[in-house]
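Okay, so here's the structure we're looking at.
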Amino acid sequence: MLYLVGLGLGDAKDITVKGLEVVRQCRRVYLEAYTSILTVGKEALEEFYGKELILADRETVEQEADSILKEADVCDVAFLVVGDPFGATTHSDLVLRAVKLGIPYRVIHNASIMNAVGCCGLQLYNFGETVSIVFWTDAWKPESFFDKITKNRQNGMHTLCLLDIKVKEQSLENLMKGRKVYEPPRYMSVNQAAEQLLTIIKNRRLQGEEPEITENTICVGLARVGAPDQKIASGTLHQMSTVELASRRRPPLQNCRPGTA
């Protein structure tokens, strides 16, 4: 059987009792390591779970999924995901592959940022469509997330903005040349996301528009939700462009939530 196990948001102890029992009974245990990360490393998880973990990066999950599902029809295999297993579409694809191969599966849910964002004091039922704010490059600066934030605001809804992380990513040059050379990990911070939003506002004004989202729109920034050192800050979008929520010792894992008023 294939088990998809949510790990929650904090550290090794955030796994559920049911999830821990599953991990300890499985023959192979994979740790998904590219859509999000915990506040502790692989070694700490292995020590607490009492099980060796196999890191599964984007290439493994998206291009070599069959290796994860191998023999899952005759033995137990676990796929561990930070937060909840269905926080990313990639994990739904893994389930669909298992079904196609006739492999039974079971999901062990856990807390994710999608519900833990309520810690900032806002009601979950007042959130509209969630968006992802990605790192811009010199040649690629999408603005579609801004339009979705605007639509949510027009509907009187908050927007949860998930900020980009880059783990084991290749540069365009290395990708085109087929070189297995990877860029250092990067984690978008609240102030970086705010700066990109401010740039879009500036661009829209140059085009003769007056966006509903402005530098004075109230936002809430969250970092490391679920960890003992989690941080929450609020202010205007302009103020959020200068706020620093990251830890010097650990990746920021931040989110930004533009308000409705």
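Every residue gets a Cβ built from N, Cα and C, even glycine.
TrEMBL lists 1-238 with the feature domain 'Tetrapyrrole methylase'. Residues annotated as S-adenosyl-L-methionine binding site in TrEMBL: Leu9, Asp84, Gly87, Ser112, Ile113, Leu163, Val225.
Annotated features taken from TrEMBL, shown on the structure.
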residue: Leu9; record: S-adenosyl-L-methionine binding site; DSSP (3 states): coil
residue: Asp84; record: S-adenosyl-L-methionine binding site; DSSP (3 states): coil
residue: Ser112; record: S-adenosyl-L-methionine binding site; DSSP (3 states): coil
residue: Leu163; record: S-adenosyl-L-methionine binding site; DSSP (3 states): strand
residue: Val225; record: S-adenosyl-L-methionine binding site; DSSP (3 states): coil
All-chain count of other Cβ atoms within 10 Å of Leu163 (S-adenosyl-L-methionine binding site): 23
Maximal Cα-Cα distance (Å) across residues annotated as binding S-adenosyl-L-methionine, namely Leu9, Asp84, Gly87, Ser112, Ile113, Leu163, Val225: 17
Residues that sit under 8 angstroms from Ser112 (S-adenosyl-L-methionine binding site) by C-beta distance, when 6+ apart in the chain: Gly6, Leu9, Gly83, Asp84, Gly87
Winner by Cβ contact number (other Cβ atoms within 10 Å) across the binding-site residues Leu9, Ile113: Leu9
Gly87 (S-adenosyl-L-methionine binding site): tally of other CB atoms within 10 A of its CB: 19
